[in-house]
Amino acid sequence: MLRVGAHVSVAGGVHNAVENEVAVGGNCGQIFTHSPQVWQDPNIDDEEAAEFREGTAAHLDGPWVIHSSYLVNLCTPKDDLRAKSIASMQREVDAAAKLDIPYVNVHLGAHTGAGVEAGLANAASALSELDIPHDVTVLVESDAGSGTKLGGEFEHLATVLDDCDRDLDVCLDTAHAFAAGYDLSTAKGAKDTITEFDDVVGLEHLMCIHLNDSKHACGTHKDEHAHVGEGEIGVEGMTTLINDPRIEDVPLVLETPTEDGRGFEWNIERVRELRED
Ligand SMILES: [Zn+2]
Ligand SMILES: [Zn+2]
């Protein structure tokens, strides 16, 4: 079954995410539990959580993913930022358990001069400090790899998975991987990238794909999302990814823009059109 949805708003309460997802035609999706630009407690009350869980069971196939705060930096060498990042992640995994959400997604962050090896070690040890509830898994998201941000290379993801004491999995963002240098714009490039991911990380760890097209060329490390098939990855690459039998059951979550009169509804419909079964 094709599982495809979008990152939707929780404005007015997390339970509203369900109808927002249904409204754009999604059957799975992603949320922030609070504004991702500030340190904040998700603060979800019991009634709201129950309404979210019941709405999800009634109207969606799932899964949901919680995307953690953009302020989180697991690679940081700074003690205060590390402590805040771990505390924030702990609140997210606890919120996920309360909402019956299986995944919390996080970017590794930037090593800011500490070096790649030290940054990856910081990320693995920070995630090892989490008390992750049963039935919740942290997904490390592939990054565009600008500046000193880690997670652009599949090897970075594999290192953190190997070195962390917790069982982690991965979310692959196609716009980020493309910006990081994996050429997804041709059928061969897309297939080879999935093969490389399997070789380096293992497809058994791929639990979510952020299916975004890219406004910038391959290898530019610039992270700006485009409508599915309308960016530099384009229709050939997207069609190949959407139909590759090795990843056909992985949930697709869109973080495409709302512009040119097109939003999530258009993009989800596009994915369904490009799917060949
Ligand atoms: Zn992300
Ligand atoms: Zn992005």
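The backbone N, Cα and C atoms fix where each Cβ goes, and this holds for glycine too.
Among His156, His176, only His176 appears in TrEMBL as part of the Zn(2+) 3 site alongside Asp223, His225. In TrEMBL, the Zn(2+) 1 site is described by His67, His107, and among Glu21, Glu141, Glu153, Glu155 the residue recorded at this site is Glu141. Zn(2+) 2 binding, as stated in TrEMBL, involves Glu141, His210, Glu255; the candidate among Asp80, Asp94, Asp100, Asp173 given for that site is Asp173.
Packing around His210 (Zn(2+) 2 binding site) is summarised by its Cβ count: 24 other Cβ atoms lie within 10 angstroms of its Cβ, all protein chains included.
Screening the binding-site residues His107, Glu141, Asp223 for a C-beta under 6 A from any atom of ligand 2 leaves Asp223. With a cut-off of under 6 Å between the Cβ and any atom of ligand 1, the binding-site residues Glu141, His176, Asp223, His225, Glu255 reduce to Glu141.
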